[in-house]
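The domain 'Acyl-CoA dehydrogenase/oxidase N-terminal' feature in TrEMBL is assigned to 9-115. Among the features that TrEMBL reports, domain 'Acyl-CoA oxidase/dehydrogenase middle' is placed at 126-223. Under the heading domain 'Acyl-CoA dehydrogenase/oxidase C-terminal', TrEMBL lists 258-402.
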Amino acid sequence: MAEFTMELNDEQKEVRDWLHGFAADVIRPAAAEWDEREETPWPVIQEAAKVGIYSLDFYAQQYFDATGLGIPMAMEELFWGDAGIALSIVGTGLAAVGVLANGTEEQIGTWIPQMYGDVNDVKVAAFCSSEPDAGSDVSSMRTRAVYDEAKDEWVLNGTKTWATNGGIANVHVVVAVVDPELGSKGHASFIVPPNTPGLAQGQKFKKHGIRASHTAEVILDNVRVPGSCLLGGKEKLDERLARARERAKAGGERVKNAAMATFEASRPAVGAMAVGTARAAYEVALDYAKTREQFGRPIIDNQGVAFQLADMRTQIDAARLLVWRASWMAVNGKPFTAAEGSMSKLFASETAKKVTAQAVQILGGNGYTREYPVERMHRDAAIYTIFEGTSEIQRLVIARTLSGMPIR
Ligand SMILES: Cc1cc2nc3c(=O)[nH]c(=O)nc-3n(C[C@H](O)[C@H](O)[C@H](O)COP(=O)(O)OP(=O)(O)OC[C@H]3O[C@@H](n4cnc5c(N)ncnc54)[C@H](O)[C@@H]3O)c2cc1C
């Protein structure tokens, strides 16, 4: 097990500087344009593929870094560049985590490369769990997967919503109900391969922020996938369902389901994205406060402004430490006895919302315009307290973990 460290090693610093260069030179200059266009920034994703940032190798290297700091460091730098473009680059990684967490070696080897495509023909992937009536309440999921034993195929029917890259993805990872009696314990994850008939994009959402990232409904109408597309395989599913039925009969110890395993692995990473956006806005505000003069002196000469910047930086550093701790725990298999993963996501996302709002305030009228990036960063930051579990749900998870009580 790697010791927890607050210091990046030399190799990690090199990667961080390289990512920062890409974020500063390629992502940030493109941010305003793709925010206005509200389209997937394919040319930027391709640039990222060319230099090796958009690739399974790069992602896996960071994901399996034993210090746990690889993914948070990478997320912070890319999202420092721009949240919408960065989500277009890392959204595939969120789907890949679904396969890494629940898939067999063979499934990982077959599907993850197809999620990324190659430099000349980049592809993206989508993770589809949320539904119109099943957001925070995952147990209300209705999308059904029924096994057709004669053909060894699964048949998927239902409507997914809010899927990042939904409908434009080469590979969709879809969570569906296989045993409705078991609530969220009766869910399983499936690969829907490229060009599978019956899968279609529904509404594409026009959003408040992260507008370069594509978010849409995904309609599944009698989608047939081979038995081999069930993540983890049928035998493992049958064993898991049998255990869940036994426990349900015995009166109910909680069992982790497929979607929850994915969320647990990705929450500190979302915290790191929030840290990136918060740091970006803080830096713009600090520079502005040092150069903008009113009453014959820089506005930072006023404690009212300087103390805000002091609080912003303190909260960003605290958020990063929570994220790094949770990420180190996740990689090293430490149990989250105080829901440290949720804590990190909760604090970092609330910090991003607060810090970006303060940045707008410090820039005054300029902060309220699209001439300066903090307006976009403030809109972007609002997503962090919503996706991958809202702040309220994080508090619920933390409170339940701490108390052992079924708090509602
Ligand atoms: C841009 C974007 C991208 C997304 N990407 C994906 C994706 O790729 N894949 C995917 O599967 N999903 C994705 N999501 C979905 C996201 O995870 C959900 O929006 C989120 O889980 C909240 O669900 P909901 O929107 O249905 O809100 P609801 O669950 O309806 O919640 C509404 C409000 O009620 C509160 N609330 C609900 N229950 C409780 C409770 N028990 N106690 C206290 N408060 C409560 C919530 O905190 C929230 O404030 C994305 C969403 C967005 C906006």
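Glycine is treated like the rest: Cβ placed from N, Cα and C.
Sorting each residue of the domain 'Acyl-CoA dehydrogenase/oxidase N-terminal' (9-115) by its DSSP state yields 89 helix, 0 strand, 18 coil. Secondary structure of the domain 'Acyl-CoA dehydrogenase/oxidase C-terminal' (258-402) per DSSP (helix as H, G, I; strand as E, B; remaining residues coil): 113 helix, 4 strand, 28 coil. For the domain 'Acyl-CoA oxidase/dehydrogenase middle' (126-223), the number of residues in each DSSP class (helix H, G, I; strand E, B; coil) is 10 helix, 50 strand, 38 coil.
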